[in-house]
């Protein structure tokens, strides 16, 4: 028997900011959509992804 949550906020949002979260820290703010990563995590992992780091 599976329990399905009910109420106004029980379904996933298919559009808008609530539908996209960072794959690293799961925040909804500052998302780079092609990477599905927030700007803070991007700065941390840019070198690992393959971007050149300039000082």
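Cβ atoms here come from the backbone N, Cα and C positions, even for glycine.
Feature annotations, courtesy of Swiss-Prot:
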type    : residues       : note
BINDING : 22, 25, 38, 41 : Zn(2+) binding site
REGION  : 1-20           : region 'Disordered'
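Listed in sequence order, the residues 21, 23, 24, 26, 27, 30, 31, 37, 39, 40, 42 complete the 8 Å Cβ shell around the Zn(2+) site centroid, once 22, 25, 38, 41 themselves are left out. Ranked by how many other Cβ atoms sit within 10 Å of their Cβ, the binding-site residues 38, 41 place 41 at the bottom.
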